[in-house]
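What Swiss-Prot records for this protein:
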- Leu122, Gly126, His127, Leu128, Ser355, Pro356, Phe357: (6S)-5,6,7,8-tetrahydrofolate binding site (BINDING)
- His229: site 'Plays an important role in substrate specificity' (SITE)
- Lys230: N6-(pyridoxal phosphate)lysine (MOD_RES)
Amino acid sequence: MFSFEKNSLKNTDKEIFDAIELEVKRQHEHVELIASENYASPAVMEAQGSQLTNKYAEGYHGKRYYGGCEFVDIAEKLAIERAQKLFGVDYANVQPHSGSQANAAVYNAVLKPGDTVLGMDLGAGGHLTHGSKVNFSGKIYNSIQYGLSESGDIDYKQVAELAKEHKPKMIIAGFSAFSGIIDWKKFREIADSVDAVLMADIAHVAGLVAAGLYPNPFPYVDVATTTTHKTLRGPRGGLILCNDNPDLAKKFQSAIFPGIQGGPLMHVIAAKAVAFKEALEPSFIDYQKQVLINAKAMEKVLKERNINIISGGTNNHLLLLDITNTGFSGKEAEAALGRANITVNKNSIPNDPRSPFVTSGLRIGSPAITTRGFKEAECEQIANWLADVVYNCGNEKVENETATKVSELCDRFPVYK
C-alpha cells in the first residue's frame with residue numbers, strides 16, 4: 001500500500017525531486033520564447049498526474065481488450081467529442097502519443113513503403129516527419145521536397161511542378177518553422193491534379209485554427225494532424241482529425257491501434273480532454289488574439305534592430321530570424337540568450353550554409369509568454385533585450401545585465417501562482 005505522504009517524490013527520489021524543482025525555478029526565472037512550448041494549466045497537469053496512469057486500455061472506448069475500462073472510457077469519449085467540436089470535424093483520434101506518431105499513423109494508413117510523398121523541406125521550415133532523409137518518412141518512403149519562393153512564401157509553383165513530375169500519393173501541407181499563412185485551397189487543387197491524399201500538419205497553429213484566427217484546413221484537406229501542446233496549451237501528445245470520410249477514419253483507427261501503438265496513455269488523454277474544454281472557452285480566443293498581437297510586437301522591434309526575419313515578418317505565432325549579420329551562429333546566440341535567461345532554439349534558415357547543429361538562425365514564438373500574461377509592452381522589451389544579446393554574444397556584462405532585467409520582469413508575471 002502507498003502513502004501519498006510517506007511515498008512522496010521528495011521522500012522517494014530526492015535526485016529527481018531536485019531536478020524538477022530546478023526546472024520549476026528555470027521556468028519561473030526565464031522568458032520562454034521557443035515557439036513549440038507553452039505552459040499547461042494546473043487542471044491539465046492534475047489530470048495527467050492522476051491515477052489514470054495506472055490503467056491499461058488497449059483498443060478504443062466501448063471496445064477494449066481489457067476489463068475495468070468503464071471510467072477511462074468516459075475520459076476518452078469526452079476528449080473525442082471536445083476535439084470534434086473544437087475543430088468542426090466528425091472524426092478525432094486522441095490516442096497518438098505525439099505529433100510524430102500521428103503523422104506516422106497517417107503514412108501507415110494511406111501509403112505503402114516506397115510510395116512518393118511531397119512535403120516541405122526541413123531547411124525551408126518543414127518538419128522531420130515531412131520527408132527528411134534522417135527520419136522514417138524519408139527512409140521508408142520516396143520523399144520529394146518543396147521550399148519557399150524568393151518572397152518567403154511557400155513556392156506553390158514549385159509544389160505544382162514537383163507534383164506533376166513525381167505524382168506523389170500524398171502531399172503534406174504544414175510546417176515547423178514558417179511564419180506565413182498556408183493556402184489550403186491551392187494545395188487541394190494541386191493534390192486533385194495528381195489524385196493525391198492531402199494531409200495538413202497544423203501542430204504549430206492548431207490553437208489559432210481552433211480560435212478561428214488561422215484558416216481551417218477543412219474542407220480542403222483529407223486529414224489533419226496536430227500536437228496537443230504548443231498553441232493548444234495541453235499535454236504533450238498527438239491528434240488525428242478528418243471529416244466526411246468514414247472509410248479513411250476507419251484506416252486511421254487501425255493505423256494507430258494495432259498499427260503503431262499498443263495501450264493508449266489514458267492519463268494523457270484525460271489531460272487532452274481538459275485542454276480541449278479550456279480551448280472551447282471564450283477566453284481562449286482572447287488568448288490567441290494576444291498571441292498574434294505579441295508576435296507582431298516582437299516583429300516590429302526586431303525589424304527596428306535590423307534583425308532579418310525570414311518571409312519578411314509573421315502572420316502567426318512564430319518568427320524565424322536570420323542572424324547572419326550579427327556575426328554569430330544560431331548555436332552561439334542560443335547559448336548567450338540562455339545565459340541571459342531568454343530561452344530560444346537555434347534553427348536552420350533557407351539555404352543555410354551551416355549545419356543543423358550550428359545554424360544561422362533562431363526560431364522564437366509568443367505562445368508561452370502570452371500565457372504568462374505578457375502584452376505588447378513586455379514583448380517589445382523582450383525583443384530589445386534579445387537583440388542586445390544577439391549582437392553581443394559572449395559579452396558577460398550584457399548577458400548578466402539582461403538576465404537581471406529578465407528575472408525582475410518574470411517576478412511580475414509568475415507562471416503559476
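Glycine residues also receive a Cβ, built from the backbone N, Cα and C atoms like all the rest.
Residues Leu122, Gly126, His127, Leu128, Ser355, Pro356, Phe357, recorded as contacting (6S)-5,6,7,8-tetrahydrofolate, have a largest CA-CA distance of 16 Å.
Leu128 ((6S)-5,6,7,8-tetrahydrofolate binding site) sits 17 Å from Lys230 (N6-(pyridoxal phosphate)lysine), taking the CA atoms of both as reference points. Taking the Cα atom of each, Gly126 ((6S)-5,6,7,8-tetrahydrofolate binding site) and His229 (site 'Plays an important role in substrate specificity') are about 18 angstrom apart. Cβ neighbour count for Ser355 ((6S)-5,6,7,8-tetrahydrofolate binding site): 10 (other Cβ atoms within 10 Å of its Cβ, all protein chains included). DSSP gives the residue listed as 'N6-(pyridoxal phosphate)lysine' a helix state. Secondary structure at Leu128 ((6S)-5,6,7,8-tetrahydrofolate binding site), taken from DSSP and collapsed to helix, strand or coil, is helix. A Cα-Cα distance of 16 Å separates His229 (site 'Plays an important role in substrate specificity') from His127 ((6S)-5,6,7,8-tetrahydrofolate binding site). Under DSSP, Ser355 ((6S)-5,6,7,8-tetrahydrofolate binding site) is assigned to coil, being neither helix nor strand in the three-state scheme.
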